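Novice: Got these off TrEMBL a minute ago, pasting:
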{"type": "DOMAIN", "residues": "58-128", "note": "domain 'SUI1'"}
């Protein structure tokens, strides 16, 4: 069963022989399994992390529609805000189309045409609707 591991080439010095011996001896293969790698899940939501709640974050996502067309969605705005008025301001300032939709949890979500993630974050911070650390940008 030694044929599964690569055979070491010509050895030059002791450092190379130590390195090559890791690959030739199958008993040392378990040493490679001892390394700890940090796992990063790119698809994990920010709300899944301990200490983070979804209620205090505003999530700005971009969704690919077809070709180069995309939609920006803004979710998690506070319930006491006038969402339709904010949507109207987005449409006027960014020169794009937009709509207010209901999601599965009966929360209001703003949809804007085009990739407006950075514009939305700047607008929300400039108008003091929310803090910059409360806005989470998702996508690409």
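In case you wondered, yes, glycine gets a Cβ from its N, Cα and C as well.
The shown structure was predicted, so the numbers you read here are calculated from the model rather than taken from an experiment.
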Novice: So how many of the residues in the domain 'SUI1' (58-128) end up helix, strand or coil by DSSP?
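Specialist: Tallied per class, the domain 'SUI1' (58-128) gives 22 helix, 24 strand, 25 coil.
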Novice: For the domain 'SUI1' (58-128), what is the mean per-residue pLDDT, to the nearest integer?
Specialist: 94
